[in-house]
Every structure is written in C-alpha cells, then in structure tokens.
Number of protein chains: 2
Amino acid sequence: MASLAETKTFRQRLRSLSEALDSGSLQQVARILNGGLSPSDIAHLLESSPPRQRTLLWSLVDKELEGEVLQYLSDDIRSYFLSQLDPQEVASVIESFEPDDLADLLQQLPEAVIQEVLETMDEQDRQRVEAVLAYPEDTAGGLMNTDTVTVRPDLSIEVILRYLRRHRALPAITDSLFVVNRKDDFIGVLPLTTLLVANPAATVREVMHTDLDPIPVTLGDNEVANLFERHDLISAPVVSDSGKLLGRITIDDVVDVIREDAAHSLMGMAGLDEEEDTFAPILKTTRRRAVWLGINLITAFIASAVIGLFEHTIEQVVALAVLMPIVASMGGIAGSQALTLVIRGMAVGQISPQNIGWLLNRELIVGALNGLAWALVVAVAAVFWFNDLTIGLVIAAALVINLVAAAVAGTTLPLILKARKIDPALAGGVILTTITDVIGFASFLGLATLAYS
Amino acid sequence: MASLAETKTFRQRLRSLSEALDSGSLQQVARILNGGLSPSDIAHLLESSPPRQRTLLWSLVDKELEGEVLQYLSDDIRSYFLSQLDPQEVASVIESFEPDDLADLLQQLPEAVIQEVLETMDEQDRQRVEAVLAYPEDTAGGLMNTDTVTVRPDLSIEVILRYLRRHRALPAITDSLFVVNRKDDFIGVLPLTTLLVANPAATVREVMHTDLDPIPVTLGDNEVANLFERHDLISAPVVSDSGKLLGRITIDDVVDVIREDAAHSLMGMAGLDEEEDTFAPILKTTRRRAVWLGINLITAFIASAVIGLFEHTIEQVVALAVLMPIVASMGGIAGSQALTLVIRGMAVGQISPQNIGWLLNRELIVGALNGLAWALVVAVAAVFWFNDLTIGLVIAAALVINLVAAAVAGTTLPLILKARKIDPALAGGVILTTITDVIGFASFLGLATLAYS
C-alpha cells in the first residue's frame with residue numbers, strides 16, 4: 001500500500017536521521033532532511049527536537065526551503081530563528097509567505113525590522129501585506145488573503161471557462177470564484193462545482209449562489225471559525241463596511257484558529273501559553289513556570305492564613321487537620337467542573353443572558369445534591385475513624401456549604417472575568433481554587449470552633 | 001452591510017423567539033424557527049436551551065427539517081431525540097444523512113434498532129452505510145464517504161469536462177476528482193483548479209497530481225487530522241490495503257475530529273465528557289458529576305490518611321497544619337504544568353522515545369530550580385510567621401522534594417497511562433494530585449517529625 005509504506009518510510013527516515021545525528025554524519029542528515037521530507041515535516045521535526053539538535057538541524061535546512069518551513073513553525077520557534085537573521089535575510093526568507101501569514105509574522109518583529117522588510121519588497125506585495133496589517137490579527141481582516149479570483153455577473157459560463165484557461169494556475173484552496181460588480185461590490189459566489197456542471201450558455205448571474213453572507217472584515221476570528229464550521233465552508237469572501245470585496249478566508253487558516261483556540265483553553269488552565277515550545281530550553285521554561293507557581297503561592301498563602309485563624313481549635317482537635325484537605329479538595333473539583341462547562345459553553349456560543357439563570361440554578365441544585373450525598377459518606381467515615389459524632393456533623397455541613405459555593409463560583413466566575421476582559425481560561429482556575437480553599441477551610445474550621453467551644 | 005445586518009437579524013430573531021416563548025405564542029415561535037433559521041442555527045439554538053424549552057422547540061421544528069437539524073446536534077442530545085422515535089420514524093428522519101454521519105449515529109443505537117433502520121433503507125444506501133459501518137468510528141474508514149467522482153487516466157481533459165457537465169451537481173466539498181485504473185486502484189488526483197486551467201487536449205495522466213499519498217482505511221482519525229492540517233487538504237482519497245479506492249474524507253468531518261479531540265482534552269481534565277450537554281437536566285448532571293467527585297474523594301482520603309500518620313507531630317507543632325497545604329498545592333500546580341505539556345505534545349505527535357529523555361531531564365532541572373527558588377521565599381515567610389527556624393528548613397526541603405517528584409510524575413504519567421491504554425486526559429490529573437498530595441504531606445510532616453523529635 002503506497003501510503004502506509006510512505007508513512008513507514010517517514011518514520012524510518014526519522015530514525016535514520018536520528019542515527020545519522022548520533023553518528024555525527026551531518027552530510028547524511030542534510031541529505032535526508034532536504035531530500036525526503038516536506039517543509040511541514042521538517043517543521044514538525046524541528047518542533048519535536050531539543051534546542052541543540054534543533055539549531056543544528058535548522059542550520060542544515062536548504063536556504064530555499066527555509067521560508068516554507070518557517071510558515072509551519074509555531075510562533076515561539078519562528079521568532080527565535082528570525083531573530084538570528086538580519087532584515088535582508090528575513091525579507092528573502094519570507095518571500096514565499098502569503099500576505100496573511102506574513103502580516104502575522106511581521107507583527108511579532110520589532111517595528112524597525114518591519115519597516116526594513118517592507119522596504120525590500122516590491123510595490124504590489126507591499127500593498128498586499130499592508131492591507132492585511134491594517135486589521136487586527138484576530139479579526140477576519142487579519143485572516144484574509146487578497147488572492148481572490150473575481151468575475152462579473154453578466155458574463156457567460158463559456159467565457160469564464162475560457163478566461164480561467166488563460167491562467168497558469170489558480171490560487172491554492174480555490175473552491176469558488178467571487179462575483180462582483182463594476183465597483184467591486186460583492187454580489188455572490190460561483191462554486192467551481194457549479195461552474196463545471198452549468199450550461200455554458202448561461203450567465204454567471206443565473207447560476208451563482210447568493211445565499212452565502214460575506215464576512216465583515218471586522219468579525220472576530222472565533223466567529224469566523226463558527227461560521228465556517230456551521231456552514232461547512234472551504235473559502236469565504238471578506239467585505240468592507242460598504243460591501244466591497246476585500247479578500248477571502250480559507251479553511252486552512254480557520255483550522256489554525258480552531259487549533260490555537262483549543263490549545264489556548266487547555267494550556268491556559270495550566271498557566272501555559274498555547275504557542276508554548278514543548279522543547280524550550282531550561283532557563284526559559286524555569287522563568288515562565290516560576291511566574292505561575294508564584295501566583296498560585298499567593299493562593300496557597302491565603303488558604304494558610306485562613307487555617308492560621310483556627311490554630312487554637314486544631315490544637316484541641318487534631319483530627320481537623322487530618323480531614324480539612326477533603327473539604328477544600330472536593331470544593332475545588334466540583335467548582336472546576338462547573339467552570340470548565342461554562343468556559344466551553346461560552347466558547348461555542350451557547351450561553352446567553354436568557355439561559356444563564358437556568359444554568360446557575362441547576363448548578364446550585366446539583367452542588368447541593370452532591371454535597372449532601374458525599375457529605376453523608378464522608379461524615380460516616382469520619383465518625384468511625386475518629387470515634388467522634390461532632391466531627392462528622394461538622395464536616396458534612398462544611399462539605400455542603402463548599403460544594404454550593406463552588407457551584408456558584410464556577411458558574412459565575414467565567415462570566416464576571418469575561419465582562420472585565422480577563423481571560424477565564426487563564427485566571428478562572430486560580431481564583432476558583434482560592435475561593436473553594438478559603439470557604440472550605442473557613443467553614444470546616446469555623447463550624448468546628450463553634451462545635452468544640 | 002449585508003452580512004452584519006444578517007448577523008444582527010439572527011440575534012434579533014433569537015430575541016423575538018425568546019419573547020414569543022415567554023408570551024406562549026407557539027405559532028409565532030414555529031414561524032420564526034422554520035422560516036428564518038438554518039438547520040445548523042436551529043441545532044445551535046436547541047443546544048443552548050434548557051430541557052423544557054428544548055423539548056418544546058423540537059416539537060415545533062418542521063418534520064422535513066428534523067433530519068438536517070439532527071446532523072448538527074451533539075451526540076447526547078441527538079440520542080435523546082432519536083430515542084423518542086420508533087425505527088420507522090428514525091429511518092425517515094435520517095434519510096438525508098451522509099453514510100459516515102449515519103454510521104456514527106447508528107452506532108449509538110441499540111442493535112435491534114440498527115437492523116430495523118437498515119431494513120427500511122433502499123439497497124444502494126444500505127450498502128453504502130454498511131461499508132462505513134464495517135470500520136471503527138475513529139479510523140479513516142469511519143470518517144469516509146463513498147461519494148467520490150472518479151476518472152480514468154487516459155481520457156482527455158476535454159472529455160472530462162463534457163462528462164462533468166452531464167452531472168446535475170457534484171457532491172459537496174468536491175475539490176478534486178480521483179484518478180483510478182480499471183481495477184479501481186487509486187492512481188492520482190485531478191484538482192478542479194488544475195482541470196480548469198489545463199489544456200483541453202491533454203490527458204488526465206499528463207496533468208494529474210501523484211504526490212498526494214492516499215489515506216489507508218485503517219489510519220486513526222487523529223493522524224488523518226494531522227495529515228489534513230500538515231498538507232492543507234480539502235478532501236483526500238481513502239484506499240484499502242491493496243490500494244483500491246474506497247471513498248474520500250472531507251475537511252468538514254476532519255474539523256469535527258479536531259474540535260472533538262480538543263474538547264475531549266479540555267473536558268476530560270475536569271472529568272466531563274466532550275459531548276457533555278451544557279443544559280443537561282439536574283438528575284443526569286448530578287449522577288455524572290457524583291462519579292467524578294467520588295473518584296476524587298478517594299484521592300482526598302488517601303491524603304488524609306497520610307496526614308493521619310503524623311497526628312502526634314501536628315499536635316506538638318500546629319503550625320505544620322497551617323503550612324502543609326502550601327507544599328501539596330505547589331506540587332500539584334508544578335505537576336499539572338508538566339502533565340499538560342506532555343499530553344499536548346503527545347497529541348500533536350511531538351514526543352518520541354528519542355526526545356523523552358531530554359524532556360524528563362529538563363523537567364527535573366526546572367522542578368529543582370523552581371523548587372529551590374520558591375522554597376527560599378516560603379521558608380523566609382514561614383520563619384518570620386512562626387518565629388521558628390526549623391519549620392523554615394523543613395518546608396523548604398519538602399517543597400524541593402515535591403516539585404521534583406511532581407516533574408517526574410507529570411512527565412512520565414501520560415506515557416505510562418497511554419502505554420496501558422488509559423486516557424491520560426481523564427486519569428492523569430487525579431493520579432497526579434494523589435501523588436503530589438501524598439509526597440507533599442509525607443515529606444513535609446515526615447521531615448518535621450524527624451526535626452522536632
């Protein structure tokens with residue numbers, strides 16, 4: 001089977017590559033690298049390599065391949081490689097970039113370098129890139145390219161087919177031509193699949209589709225992704241406020257948005273960046289992780305301070321110290337379930353002012369029911385463990401209080417944070433833990449202080 | 001601007017829909033529902049509705065729209081609606097499904113219902129569905145459809161164009177024709193963009209692309225998604241072991257795989273299912289959450305048991321109870337960073353036997369460095385807080401131990417779990433927390449017992 005053989009060969013090549021690296025035969029490494037692997041495979045290999053090997057491999061990549069490989073690399077690694085080049089080299093390496101990718105990349109470089117790079121480009125390319133640079137990266141404008149193929153509505157299919165045959169090639173991922181009037185206003189789309197089955201004598205106007213709404217250039221990239229997903233789009237026209245066709249967005253860039261978005265939610269919860277380099281060097285990793293640990297240390301100290309208020313009670317009943325992590329941790333778990341559900345519901349656009357009341361109410365009841373159920377289990381265990389009825393009653397009450405509090409915090413936090421323009425994926429977990437720790441320890445030790453005094 | 005107006009109208013429609021619901025005017029609700037919204041919009045609306053409103057809205061959806069709406073619904077909700085129908089109704093509702101979607105759906109139904117539904121279908125449709133049903137859902141075979149347009153290599157472009165014009169329409173998301181020989185072996189692809197610019201007199205063989213490897217029918221869906229992403233594919237041929245063309249996979253289904261995979265990682269970490277219904281009813285939600293809380297309760301009891309071993313020491317030095325959550329929580333945070341990084345690295349295929357050693361080594365050093373740095377901070381704070389030098393030394397040592405242990409556990413756990421075919425996203429966090437709690441409490445209280453005895 002061609003493909004499986006191919007896949008095996010890819011893995012085999014990787015293995016022989018790593019053998020060649022081990023044996024120090026750089027010529028052979030370069031031959032495997034530039035001979036058998038596609039630019040995206042090389043990028044994948046670089047991303048999967050520890051720093052020293054990565055630098056070595058990069059130095060062996062053919063100059064002509066560098067630009068294409070860079071396009072497939074994650075921001076972190078690409079910026080590093082580009083920072084090693086002077087503006088002239090940058091300009092020559094990124095020649096092959098599409099305007100949207102180029103604009104993204106330029107936005108990561110210092111202003112002075114951007115200007116130098118733009119100056120080395122020819123007039124037409126510069127205008128294209130500047131058109132994209134004018135829009136924020138996370139909008140339709142930042143995602144679009146200007147490589148549209150446009151046709152007029154009054155031409156016949158026959159004429160269009162002849163017109164297309166004069167091209168040497170059509171832009172990649174062209175599934176439709178865009179129909180525009182004399183003023184470049186967007187009118188409709190002519191899918192290639194329609195073009196190919198249409199009567200050659202028909203006019204474009206007669207067969208074009210007008211049920212697809214063009215994408216406003218200012219629309220957020222997540223909404224663009226939702227539109228593509230909901231309507232199974234391959235490419236879509238982007239228009240200005242006045243309806244003029246500005247460019248198009250293609251599914252490959254939308255898939256990147258979806259992937260980055262998903263990575264952001266997942267990595268953000270652990271305080272990591274979505275473009276995090278898996279094989280970042282030790283010092284860089286240590287610095288980045290240290291910040292997140294420091295933030296969480298504050299949370300931990302707040303929890304300790306709460307426990308500190310009840311030192312006297314713990315001294316009397318040391319069983320409290322043994323059981324108190326249960327109350328805090330169950331609250332944290334219950335809260336993170338509500339938090340994750342709401343963050344995801346918000347991401348896919350399911351949560352609105354109309355249904356948030358119902359959701360909060362359900363989470364409250366679920367929290368109370370699970371609080372009661374597990375409170376019973378924990379209370380029975382505690383009573384038998386320490387042979388003390390009071391401690392069972394206290395931990396049961398504290399568990400119900402903390403699970404209800406966790407439900408409220410987990411459900412409302414993402415909404416509150418979003419309203420204040422704070423990223424819920426990043427900050428939600430830390431704040432939630434602080435709340436469930438404080439309420440968990442305070443309710444358990446507080447009730448115990450009352451019960452045992 | 002057409003589209004923004006359209007978007008506003010969609011939101012306005014939603015608002016008038018919710019007003020109509022509030023006022024109880026069901027006729028108006030039905031009019032808005034079936035008149036102005038696309039099937040995917042209706043599905044989105046159903047997913048965003050609490051149970052009672054959802055059931056009401058579903059009862060108002062036009063019979064002819066039901067099938068298409070079902071296709072856009074998440075598994076949970078779709079299964080529920082289908083379970084309300086008898087097999088005859090199921091068969092009529094799902095008539096419009098593509099074979100791959102239909103196969104997915106049938107796999108969720110009881111065996112008896114599957115058979116009944118298949119029997120009501122016509123011969124050709126049944127064969128198509130059975131072809132897909134033969135492959136596991138999470139493989140290329142389970143993702144593929146059989147709606148390929150195939151051509152022979154020795155025909156001219158001119159003939160192909162004439163042949164296509166005899167079609168009333170081409171299948172949705174057709175960006176290429178597949179070239180096969182007499183025995184249906186896959187030979188190459190003919191992109192529509194190539195077809196349109198090629199010389200009409202040229203043969204298919206002369207202009208077809210042969211650099212795209214077909215996808216083996218047994219390839220896992222994640223690898224299919226990686227291939228699509230790496231090569232910017234829109235559709236790709238699926239072949240049997242012997243190279244025979246079986247069908248094709250299109251980008252829309254791949255985007256679903258990517259989304260589901262991302263949702264699985266994110267939701268799994270919180271013990272939620274990726275198809276979790278945001279607005280599931282109270283009892284269903286309570287049951288599902290209870291399981292996860294129960295699993296985590298075991299973890300919490302294990303931690304408590306460890307603390308219980310040192311009751312005597314805590315009785316003597318109650319400051320230990322105040323500070324011990326800091327050691328456990330810092331370990332949990334550091335471990336979850338390593339865990340998340342490795343889970344993600346595995347998902348995108350970056351981690352291999354060749355580089356895992358480097359990664360583990362780096363995580364160890366990062367853990368030790370951050371352990372030392374934050375140990376210093378915590379130690380100084382503890383010494384001043386409790387005016388006790390010993391407690392500072394003890395907590396510093398425990399923090400270093402726990403952060404190094406967290407690095408080892410976070411890095412190796414996903415690999416160990418995967419090797420044992422346990423889902424790291426689901427089980428990783430719980431096991432990690434158990435480890436960092438146990439090591440955190442044991443090292444801190446154990447060292448304290450030695451120091452204060």
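Glycine residues also receive a Cβ, built from the backbone N, Cα and C atoms like all the rest.
Summarising the annotation, TrEMBL assigns domain 'CBS' to B:208-266. As annotated by TrEMBL, transmembrane segment applies to B:290-310, B:316-343, B:364-385, B:391-417, B:429-452.
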With a Cβ cut-off under 8 Å, give me the same-chain residues at least six positions beyond the ends of the transmembrane segment (B:429-452) that come close to it. 269, 271, 295-296, 299, 302-303, 306-307, 309-310, 312-314, 316-317, 320, 323-324, 327-332, 334-336, 339, 390-391, 393-395, 397-398, 401-402, 405-406, 409-410, 413, 417
For the domain 'CBS' (B:208-266), what does DSSP give as the number of helix, strand and coil residues? 26 helix, 16 strand, 17 coil
Outside the transmembrane segment (B:391-417), six or more residues from its ends: residues with CB under 8 Å to it: 317, 319-320, 323, 326-328, 330-332, 334-339, 341-343, 346, 351, 356, 359-360, 363-364, 366-368, 370-372, 374-376, 378-380, 382-383, 423-424, 427-428, 431-432, 435-436, 439-440, 443-444, 447-448, 451
Sequence-remote contacts (6 or more beyond its ends) of the transmembrane segment (B:290-310), Cβ cut-off under 8 Å? 270-272, 320, 324, 328, 430, 433-434, 437-438, 441-442, 445-446, 448-449
